[in-house]
There are 2 protein chains.
Amino acid sequence: MATGRTHRPATRSRGIPEATVARLPLYLRALTALSERSVPTVSSEELAAAAGVNSAKLRKDFSYLGSYGTRGVGYDVEYLVYQISRELGLTQDWPVVIVGIGNLGAALANYGGFASRGFRVAALIDADPGMAGKPVAGIPVQHTDELEKIIQDNGVSIGVIATPAGAAQQVCDRLVAAGVTSILNFAPTVLNVPEGVDVRKVDLSIELQILAFHEQRKAGEEAAAEAAVPAAARKESTDQGPDGDVPAVMPA
Amino acid sequence: MATGRTHRPATRSRGIPEATVARLPLYLRALTALSERSVPTVSSEELAAAAGVNSAKLRKDFSYLGSYGTRGVGYDVEYLVYQISRELGLTQDWPVVIVGIGNLGAALANYGGFASRGFRVAALIDADPGMAGKPVAGIPVQHTDELEKIIQDNGVSIGVIATPAGAAQQVCDRLVAAGVTSILNFAPTVLNVPEGVDVRKVDLSIELQILAFHEQRKAGEEAAAEAAVPAAARKESTDQGPDGDVPAVMPA
DNA sequence: CCATCTTTGTGCACGCGTTCACAAAGACAT
DNA sequence: ATGTCTTTGTGAACGCGTGCACAAAGATGG
Ligand SMILES: NC(=O)c1ccc[n+]([C@@H]2O[C@H](COP(=O)([O-])OP(=O)(O)OC[C@H]3O[C@@H](n4cnc5c(N)ncnc54)[C@H](O)[C@@H]3O)[C@@H](O)[C@H]2O)c1
Ligand SMILES: NC(=O)c1ccc[n+]([C@@H]2O[C@H](COP(=O)([O-])OP(=O)(O)OC[C@H]3O[C@@H](n4cnc5c(N)ncnc54)[C@H](O)[C@@H]3O)[C@@H](O)[C@H]2O)c1
């Protein structure tokens, strides 16, 4: 980024810590499930278990929203669903465009999870002229030429990028220029955006690599600790112990 | 060197901080691009810009791997690609199974990014008997009944879950019981796993909700700051200013 | 109205991650 | 060799997030 001295303390997140914001959808999901089972109230302990977090953390998270619980009883499920929904901005409708209707884009378009919570697929956009007009998930694909018009006509502020990596930055620039201020990026690229635009990325490849790291570590420790009972002999190759600091040959 | 000291804190992640591990794939991707352009060396500043991070952070990250740079020059691209690949465990082959070959599962199976880095789709598994044998992305889908056998025969330790949420925990349990110790979960559910099993989740819905939160905040601040030039009048309903603390009516 | 019991809300301490800033290392020219 | 210039590697400070532990709040029963 290297923009000049923004002299404020980072992002200024309306008082609610970013880590908390990231967990609110998790709580909301658990609460919605309880709501559907007509459970009237829930304790921090129970809800925390359902959401897979620490109960103290959950209580602290909720404390940022206000004092919505009742001591000795717990939290009113319906009320909390409403409060979190409102806090997350889910009480309003968010039109979303998906750009790049290939394998992934089509899967996203077909995904039912969108409509369930305030999000509505306003348009599907692709650069392939052959796709124009073809319906995917009941919505006709539109050509990239109309991107700007679509954004403006529908008041779209959230865009999803599912194009190949090479096209992502260009698509991103156009989205931002047209008025989009939040982007969910599935392409494996770093997107450069002006200040005020939020980008979140979903990167399958990175997730797998992180898993591989831990997997390798587990295998290494296992081999180092118990030099017996090798459940199923695999991973051979170099295999030079857990701390492979042998510097090989530094190519100067 | 860093082998001694058994009174280490908590989980002991092989010395490399988790946050660093999560960035290594990012660096690797940038380095691979440089490598393909035959760039011999790169400075921390350049590489950091390409990866979208702070240069000091990048140097510190690399310092956990060892002293692979040359002062006054930078880092040798090829060497660093190798070192990071090795650290992430990408020098070996990781067979992966995908369970749940619906919209998303099929897209994942077709994704080329798997094979590019050590990951290989060993099998596609689905519960629908009608899909058994049908090829997706050139690989015949196999029935869930064979899950255990597939895992064992191929020595699979990484599994991807792309089933509906309701089936995810059950599938997870079977994968774990069969020997899988790393899971990438696309279903919107919290997975319970025994210790030693890593789970990472990719949750589109959560990402969108986080974006919506910030989007709403931006709209709120904008409306509060400049009470003029309302780009496109939307968001009506209650619309009670940025800090909606009006407690409505607490349903007791 | 009082006692007891449950559960929230939060003060506090601690550890992790980020960033600054700079000494040291080495390349390169003279 | 010696000096200059570039860039690394890291000490140190700081801020954020987490989790413990407990006082206060309020429900519930007698
Ligand atoms: N498929 C997956 O499971 C998966 C997983 C992780 C990441 N990704 C990433 O998601 C992206 C899409 O993956 P995919 O498998 O759907 O690829 P794909 O090739 O099937 O689809 C890409 C689509 O984008 C369109 N497109 C290309 N340039 C465009 C442009 N400038 N504007 C608009 N549309 C454009 C193409 O016409 C095509 O329909 C890729 O970047 C991929 O790396 C995919
Ligand atoms: N499609 C998306 O873009 C998207 C995005 C985010 C999350 N998700 C999540 O990913 C999951 C899959 O989404 P989808 O759109 O592909 O759904 P889908 O209904 O198209 O596919 C689900 C597949 O799983 C199979 N299945 C069901 N139970 C199974 C079991 N016990 N064992 C093995 N296979 C089983 C079904 O036969 C089906 O083929 C869902 O949980 C969804 O919420 C999807």
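Keep in mind that glycine also has a Cβ here, set from the backbone N, Cα and C atoms.
What TrEMBL says about a protein is an automatic prediction, not a curated fact.
The DNA-binding region annotation in TrEMBL covers A:26-65. Within the model, the DNA-binding region (A:26-65) shows a mean pLDDT value of 97, rounded to a whole number.
A:Gly100 (NAD(+) binding site) is surrounded by 25 other CB atoms, counting those within 10 A of its CB over all protein chains shown. Taken from TrEMBL, the feature NAD(+) binding site applies to A:Gly100, A:Ile101, A:Gly102, A:Asn103, A:Leu104, A:Gly105.
Positions annotated as domain 'CoA-binding' by TrEMBL: A:89-190.
Per TrEMBL, the feature region 'Disordered' maps to A:222-252.
Within the same chain, residues 15-17, 20, 73-78, 80-81, 83-85, 87-88, 90 sit at least 6 positions outside the DNA-binding region (A:26-65) and bring their C-beta atoms closer than 8 Å to a C-beta of that stretch. Each of the binding-site residues A:Gly100, A:Ile101, A:Asn103, A:Leu104 was checked for a CB under 8 angstroms from a CB of chain B; the ones meeting this are A:Asn103, A:Leu104.
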